[in-house]
Amino acid sequence: MRRSYLLTAVLALLALAGLAISGARRDLPWEEREVFAMDTLMRLKVQSDDPKVLDRMEEEIRRLEGLLSAHVPTSEVSILSSTGALKASPETEQVLRLSIQVAQGTHGAFDPTIGALSRLWGIGTEEARVPSREEILRALETVDYRTLRYLGDHRFSLSAGRLDLGGIAKGFAGDRLVELLASMGIRRAVMDLGGNVVVFGPPPKAVWRIGIQHPDRPRGEVLGVLELPERRAAVVTSGVYERYFERDGVRYHHILDPSTGEPARSGLMAVSVACSSSALADGLSTALFVAGPERGMEILSRHRCQAIFVTEDRRVLITPQLAPRFSLRDRSFRVEVLR
Ligand code: ADP
Ligand code: MG
């Protein structure tokens, strides 16, 4: 009797210790790192006690930059731009094929062949300037996503122009990192790849809370907060405040309208897009900024994504499914639910 009581007590203690251990495992520490890559500051946070995870993530980002950057002369994207032909690696193939799809699905509001034009404006570089109308028209002649073709068997051709995947590459990196983390059995991660926020894993408190950058306040100040219950989500913001220069009181920002050759003027300060794929959210955020809310809603009707448009006249236009999950912090804006 006494011995079995003792045994029960010991087993109970062991069970408690076991709970404590598995509890501790559930509450692994968060490891963080900042990485400057793809021309932007990235913040990586993972819940893991393996210090190699962040190394692997950083390596993967740099590897993708080496394949996809238009500023790296040896990248696959640069090779396709300069020779007009490429047999692509699996990652480059994936992002190029998605770029073609997004260009088709947005009627060219997103256009991966924008390279000659973005180079001409040089926004975000030391050489930023306002080009002449003739220069713009000459560059525009080379901008047409239909000149980028997938030929099958991993091969692509580009008959004119230069590629610039700046509107989708960071988002693509987000998806690749999620795959990497899943393959490593990582429980949770939060990544901010320069305005591309990706969350992975079960939300810590029923929802992930994602701040939407305020369009005219310093980085880190939020316009509002989104609460997302998904185990995997991306919220990508394109805004006029990201990269721009000013001449004679005019602000020239880095999202270019392929129909005019100039910085897009759609009455917006910013657009955020939420999808499960961060590459798609990134491509669409650039496209919706160019297209504006009305054409933007038409584009969204063909994609399983949600959006928040922030207009110059301080309205926050939000798609119906996202509306109940958004709380506004700056009362000088007004929320309107789109239909
Ligand atoms: P950010 O790079 O600030 O996150 P975006 O995702 O909107 O913002 O991408 C803007 C970048 O995409 C530009 O710097 C340029 O490289 C490229 N770009 C600009 N206009 C377009 C466009 N209409 N279609 C595709 N890419 C574009
Ligand atoms: Mg984008």
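Every residue, even glycine, has its Cβ placed from backbone N, Cα and C.
Among Gly166, Gly167, Gly174, only Gly167 appears in TrEMBL as part of the Mg(2+) site alongside Asp282, Thr286. Taking every protein chain shown into account, Asp282, Thr286 are the binding-site residues, and of these the Cβ with the most other Cβ atoms within 10 Å belongs to Asp282. In sequence order, Phe110, Gly166, Ile168, Gly171, Val236, Ser238, Gly283, Leu284, Ser285, Ala287 are the residues of the same chain, not among Gly167, Asp282, Thr286, whose CB sits within 8 A of the CB centroid for the Mg(2+) site. When secondary structure is read from DSSP and collapsed to three states, Gly167 (Mg(2+) binding site) falls in the coil class.
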